[in-house]
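A short write-up of the structure that comes next.
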Amino acid sequence: MRGIAVFLAFISLIFASPLTVKSPLVDDFYTAPDGYESAKLGEILKLRKTPSKLSSMFFEIDIKNSWQLLVRSEDSFGNATAIVTTVIEPYNADPSKVLSYQTFEDSANIECSPSYGMQYGAPWSTVATQIDMALMVPMLKQGYYVVSPDYEGPKSTFTVGRQSGKATLDSIRAILKSNKFTGIKSDAKVAMWGYSGGSLASGWAAALQPKYAPELKKNLIGAALGGFVTNITATAEATDGTLFAGLVPNALSGLANEYPEFKEILYQKVSKAATDNLRQGTEHCIGGAILYFAEDQYFTGDDRAFPGGYGLLKEEVVNKTISENNLMQMDKDYLPDIPIFVYHGALDSIVPISNVHVTYKNWCDWGINSFEFSEDLLNGHITETIVGAPAAITWLEARFDGEPVVKGCKKTSRITNFSYPNISDSTSSIFEGILNSVTGSELGPGVTSDNITLDGLTGFLGNFIDLK
């Protein structure tokens with residue numbers, strides 16, 4: 001598998017566009033100014049246009065404007081921090097409608113941050129963000145502003161729930177104060193959407209909002225959560241020794257970035273032979289991690305990284321840390337106050353659906369106002385990314401249009417979520433949006449132009465050959 005990783009790295013060097021985007025490691029914009037600790041949560045500390053054009057699937061997209069904001073937030077323990085969030089304005093945007101899209105960054109490395117990875121010229125290691133951009137494009141095409149926060153924060157705390165949720169909410173606070181330059185109204189409707197790792201951030205934001213950001217209740221209209229991560233232990237168990245084993249070191253490293261005692265225990269318990277392997281968890285974005293760590297075993301097998309196997313998870317510090325970041329284990333104080341839509345594949349072998357069933361039961365028993373759960377019987381984690389997206393978009397559009405939500409709880413099992421009611425327009429919008437982004441057409445409602453433009457064609461070909 002290491003050979004495949006080297007081969008793909010070589011291929012990426014051949015096809016990648018010239019790297020023009022400054023890394024967050026050396027970009028001063030990512031550094032909070034002196035005295036920022038005294039700023040209010042959600043306050044904008046810095047502002048700039050994105051240094052490079054944005055791209056989807058590594059093709060430039062034609063939008064009206066985009067900005068990066070450095071926003072005051074806090075970590076899991078209430079310590080001051082600052083996160084970057086990206087605001088995207090399509091042509092003919094509606095300033096009263098905003099989608100907060102949380103990407104599946106799934107990495108413990110700041111060079112995997114969405115604000116960096118969504119820019120044209122970012123390295124191919126950020127492919128996960130580029131794939132996620134393809135799901136933002138349909139919403140841009142329909143005139144929604146899209147905001148996407150670096151919710152893992154400056155420490156890259158993958159799987160850390162409170163950090164992710166707080167950052168998402170503070171990003172929303174910030175964009176509602178950005179009218180002077182973005183045009184977004186302070187009373188704009190805001191919905192959240194995220195798949196897989198993005199659902200972890202979105203779910204925690206929904207759970208934290210009533211107490212952490214109660215003033216946002218008047219703006220937030222719902223959250224769509226796909227491949228809903230509520231139990232990170234279950235994902236570790238499901239992926240250990242599989243193609244997606246890279247999620248394990250990335251997740252452990254993300255937790256270690258936030259919890260020093262947790263990190264200390266990890267490196268005490270890992271075998272000497274696997275120490276460097278574990279350290280690599282801070283080096284790879286999720287695409288590279290899948291290749292580098294494929295089929296590695298951390299808790300099972302004769303050569304497992306942790307000789308004590310799953311016994312590691314019973315260590316007091318480890319158990320406490322993980323439990324604090326499993327949304328499934330939270331009590332009713334974390335009950336969302338906004339409408340929730342969950343779509344999940346029954347065959348998901350990465351994020352087992354059984355844990356979503358537990359969360360659904362808990363939230364319903366505790367009296368959640370609106371929870372719609374659409375279970376896809378024939379799809380797993382990867383395929384549901386695409387199959388479930390039209391259902392999510394349909395549900396989100398209904399929220400923005402003010403249509404009634406499900407009262408209480410409703411769970412429906414479908415052969416496929418392609419059969420979710422009224423998704424035909426949403427399905428076409430996805431493929432039209434992808435086509436528009438690849439061909440360089442302007443994104444936004446009411447935009448009419450030939451789908452193939454000279455700039456778009458040049459940009460498309462420029463991904464593969466040198467046109468200079």
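Placement of Cβ uses the backbone N, Cα and C atoms for every residue, glycine included.
Feature annotations, reproduced from Swiss-Prot:
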SIGNAL    1-16  signal peptide
CARBOHYD  ASN79  N-linked glycosylation site
DISULFID  CYS112-CYS285  disulfide bond
ACT_SITE  SER196  active site, charge relay system
CARBOHYD  ASN231  N-linked glycosylation site
CARBOHYD  ASN319  N-linked glycosylation site
ACT_SITE  ASP348  active site, charge relay system
DISULFID  CYS364-CYS409  disulfide bond
ACT_SITE  HIS381  active site, charge relay system
CARBOHYD  ASN417  N-linked glycosylation site
CARBOHYD  ASN422  N-linked glycosylation site
CARBOHYD  ASN451  N-linked glycosylation site
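Residue pair ASN79 (N-linked glycosylation site) / HIS381 (active site, charge relay system) shows a Cα separation of 34 Å. The Cβ of CYS285 (disulfide bond) has 25 neighbouring Cβ atoms from other residues within 10 Å, across all protein chains displayed. Long-range Cβ contacts of ASN417 (N-linked glycosylation site) within its own chain (separation 6+, distance under 8 Å): TYR343, SER374, ASP376, ASN379, GLU384, VAL387, GLY388, PRO390, ALA391. For SER196 (active site, charge relay system), the nearest neighbour among the listed recorded positions (CYS285, CYS364, HIS381, CYS409, ASN422), judged by C-alpha distance, is HIS381. Using a 10 Å Cβ-Cβ cutoff, CYS364 (disulfide bond) registers 15 neighbours. Here CYS409 (disulfide bond) is positioned 31 angstrom away from ASN319 (N-linked glycosylation site), judged by their C-alpha atoms. Of all the recorded positions listed here (ASN79, SER196, ASN231, ASN319, ASN422), it is ASN79 whose C-beta has the fewest other C-beta atoms within 10 angstroms. Of the recorded positions CYS112, ASP348, HIS381, CYS409, CYS112 has the largest number of other Cβ atoms within 10 Å of its own Cβ. Separation of the C-alpha atoms of ASP348 (active site, charge relay system) and HIS381 (active site, charge relay system): 5 Å, rounded to the nearest whole number.
Closest to ASN422 (N-linked glycosylation site) in space, going by CA atoms and restricting to the recorded positions CYS112, ASN231, CYS364, is CYS364. Secondary structure at ASN231 (N-linked glycosylation site), taken from DSSP and collapsed to helix, strand or coil, is coil. Among the recorded positions listed here, namely ASN231, CYS285, HIS381, ASN231 has its C-alpha nearest to that of CYS409 (disulfide bond). Nearest to CYS364 (disulfide bond) in space, judged by Cα atoms and limited to the recorded positions CYS112, ASN231, CYS285, HIS381, is ASN231. For the pair HIS381 (active site, charge relay system) and CYS285 (disulfide bond), the C-alpha distance works out to 18 angstrom.
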